[in-house]
Structures are given as structure tokens and as C-alpha cells.
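Contents: one structure, followed by commentary.
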Amino acid sequence: MKIAVLPGDGIGPEVVREALKVLEVVEKKTGKTFEKVFGHIGGDAIDRFGEPLPEETKKICLEADAIFLGSVGGPKWDDLPPEKRPEIGGLLALRKMLNLYANIRPIKVYRSLVHVSPLKEKVIGSGVDLVTVRELSYGVYYGQPRGLDEEKGFDTMIYDRKTVERIARTAFEIAKNRRKKVTSVDKANVLYSSMLWRKVVNEVAREYPDVELTHIYVDNAAMQLILKPSQFDVILTTNMFGDILSDESAALPGSLGLLPSASFGDKNLYEPAGGSAPDIAGKNIANPIAQILSLAMMLEHSFGMVEEARKIERAVELVIEEGYRTRDIAEDPEKAVSTSQMGDLICKKLEEIW
């Protein structure tokens with residue numbers, strides 16, 4: 001079992017370090033061994049090799065069973081040409097190379113952290129438990145033609161039948177094992193690509209008679225996520241709409257530092273939902289929980305270790321219930337635990353409940 005480990009930029013190396021400590025506990029308890037091969041991506045790779053996705057990193061990823069990523073990007077590299085920046089030349093290029101087509105982002109509001117949410121408790125209700133399924137390989141981020149000159153900038157949004165069918169089936173398969181409800185988000189009242197999207201999603205829905213399908217325009221979806229987030233189970237949407245809505249929904253728990261994500265394709269990529277947070281990098285105050293939960297997703301979806309994944313998730317929940325907080329979710333930042341302390345607490349709890 002081989003994992004390509006790409007710590008990346010900003011807080012990436014710090015939170016990846018804590019997640020790998022959790023993986024060590026799993027290895028000790030199960031007797032299984034993971035081969036961890038480290039690579040460079042993004043700004044880290046630019047500084048070392050002059051390019052955001054070196055050939056050696058590509059090789060490491062293609063030879064691995066799963067890719068475990070920290071974070072990519074930062075203002076240090078913003079003045080580079082777009083194709084040389086960490087996000088476009090690094091992360092987007094990696095996604096394309098691996099044929100990643102679906103980003104899966106679970107959003108859960110822990111009961112003990114309801115007060116941390118920016119929304120009122122009456123809006124959060126008994127809790128929020130939804131998954132955003134975002135198409136990742138097509139749409140306006142990849143469409144051609146695209147360009148920029150002194151007078152205009154232009155992009156192209158394209159979707160084809162095969163691409164929509166694939167992402168729709170992913171969403172329905174996930175919903176089948178949850179509350180059996182898919183909400184497809186588009187802009188079919190004005191965009192031709194969304195008209196095709198809605199048509200194909202309706203066709204795929206017929207293959208899943210036990211799953212309820214509803215359609216909603218993206219502007220209304222953005223509003224409903226604030227007014228009544230508990231109504232959603234699985235949200236299915238396009239690349240750009242998903243980029244925006246998944247970050248909006250990620251605000252519900254009170255911190256991006258709590259939220260994992262996975263990208264499915266030829267090889268699966270696992271990374272936290274938040275960014276590289278260069279302003280707090282190296283200070284040992286970042287929240288490692290998203291990275292640790294991304295590890296749990298990797299164990300479940302790439303290595304079939306479902307029970308072990310549930311134990312990691314439970315350990316995280318118990319540590320939070322016991323009142324431990326990093327600065328991003330602490331009511332009193334002066335009483336917050338550090339990145340490494342949170343990692344140690346989760347490792348200790350995992351040992352206890354195993």
C-alpha cells in the first residue's frame with residue numbers, strides 16, 4: 001500500500017505531520033504498513049525546482065495507490081504567469097493528470113460546536129450533515145478557448161453527456177447510502193451547459209428510483225444553504241458552482257480546519273478543504289483535524305479500511321466533545337491547544353477507543 005505524500009505550502013507540512021502520526025497508530029493497531037513516498041508540489045516545488053509540478057512528483061503520484069496532499073499556494077507566487085502558479089500549474093495540473101473528476105466534501109456540524117457556527121443555533125437545528133459532489137474535470141476552469149489581453153478576458157464553459165453522467169452516478173451512489181436525496185444545482189434558465197446538465201441528470205436519476213432528485217438554481221442554492229442547510233443531503237453540481245458552494249457550506253461548522261475532502265479519479269487525491277493559510281504557517285496553531293479526517297477518507301475509499309476510518313472520525317469527535325480546541329474554533333484563543341497538541345490528543349484517543 002503506497003501513499004504519495006505531498007505536504008505542499010503554508011500550513012500543509014504541519015498538518016500533514018499530525019495526520020501521519022495518526023496513520024502510525026493505525027499501522028501499529030492493524031499490523032499493516034503503508035509505504036509513504038514524499039514529493040513536492042506548488043510553491044514548494046517552484047522554490048526548489050522552478051516548476052509547480054516536477055516530473056519526479058508526477059512519477060511518485062502515478063506509482064502510488066493514493067495521493068495525500070497538504071495545501072498549495074500563497075501570495076509569494078501570485079506574480080508568476082498563471083500557468084506557472086502553484087494553483088494552476090500545480091494543483092489543477094495534477095487533477096488533470098490523474099483524471100480526477102469528482103470532489104467529495106462532507107460537511108458536518110458537531111453538536112458540541114454548534115455555537116461556533118456563524119449561523120444561529122435555530123438555523124443549524126439538530127445539526128447539519130451534507131456532502132457536496134462537485135464535478136472537477138470540466139467546466140469553465142478547463143474549457144477552451146480561453147485567454148486574456150489588454151481589452152478582454154474570456155473563458156468557456158463546456159459540459160458533455162459522458163462527463164455529466166459520470167458525476168451524477170457518483171452523487172446518486174453516495175446518496176443511496178445516506179438519506180437518499182440528491183439536489184442538483186445548475187443555472188439552466190440561462191446557460192446552455194446547464195440545460196444539458198439538467199437533462200442528463202434527470203436521465204441518470206431514473207436508474208435510482210429510491211433516491212429523490214430535486215433541481216435548484218445556483219443563486220437560490222446559495223441562499224438556501226444559509227436559510228436552511230439541514231434540508232440538503234447530497235448536493236450535485238458543476239466545477240465552478242461547486243467551488244463556490246462547497247466553500248460556502250464549509251463555513252457552516254465555523255472553520256475550514258474541520259473539513260476534509262477527496263477527489264476521485266484514476267487515483268484518488270485526499271486533501272483538507274481549506275487553503276495554505278500562509279499567515280499562520282510555522283506557528284503551530286493551525287487546525288489539523290481536516291487533514292486527519294482526509295486521512296480517514298483515504299483509508300476508507302482507497303484502502304477499504306472502513307472500520308479504521310470510523311474510529312479516526314470517532315476519536316476526533318470525542319476530543320472535540322472533551323473541550324479541546326485549536327485557535328480557529330476556540331472561544332478563548334488563549335486556552336487553545338497547538339497543532340501538535342491536537343494531533344497528540346487525537347492519537348491518544350484513538351489508542352484508547354481501539
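Just so it is clear, glycine is given a Cβ too, placed from its N, Cα and C backbone atoms.
Taken from Swiss-Prot, the feature NAD(+) binding site applies to 74-87, 275-287, supported by similarity to another entry. The substrate binding site annotation in Swiss-Prot covers R95, R105, R134, D219. What Swiss-Prot records for D219, D243, D247 is Mg(2+) binding site. Feature annotation from Swiss-Prot assigns site 'Important for catalysis' to Y141, K187.
This view paints the features noted in Swiss-Prot onto the structure.
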| residue | record | contacts (Cβ under 8 Å, 6+ apart) |
| --- | --- | --- |
| G74 | NAD(+) binding site | D9, G10, G43, P86, S276, P278 |
| P82 | NAD(+) binding site | I88, G89 |
| R95 | substrate binding site | L136, S137, S263, G265, L269 |
| R105 | substrate binding site | V131, T132, R134, S246, S249, A250, L259, P260, S261, A273 |
| Y141 | site 'Important for catalysis' | L92, N239, M240, D243 |
| D247 | Mg(2+) binding site | L256, A273 |
| A281 | NAD(+) binding site | D9, G10, I11, E14 |
| I285 | NAD(+) binding site | T326, R327, A336, S338, T339 |
Tertiary neighbours of D78 (NAD(+) binding site) (same chain, Cβ under 8 Å, six or more apart): R85
Residue, out of the recorded positions P86, K187, whose Cβ gathers the largest set of other Cβ atoms within 10 Å: P86
Entry from the binding-site residues list D219, D243 having the most other CB atoms no farther than 10 A: D243
In the chain carrying A277 (NAD(+) binding site), residues 6 or more apart in sequence that have Cβ under 8 angstroms from it: G10, I11, S71, A286
Protein Cβ atoms within 10 Å of R134 (substrate binding site), excluding its own: 27
Sorted by sequence, non-D219, D243, D247 residues with Cβ within 8 Å of centre, Mg(2+): V218, A222, M240, F241, G242, I244, L245, S246, E248
Pairwise C-alpha maximum, in angstrom, for the residues (R95, R105, R134, D219) that bind substrate according to the record: 27
Inter-residue Cα distance where the pair is K187 (site 'Important for catalysis') and D219 (substrate binding site), in Å: 8
DSSP-derived structure type at Y141 (site 'Important for catalysis'), helix or strand or else coil: coil
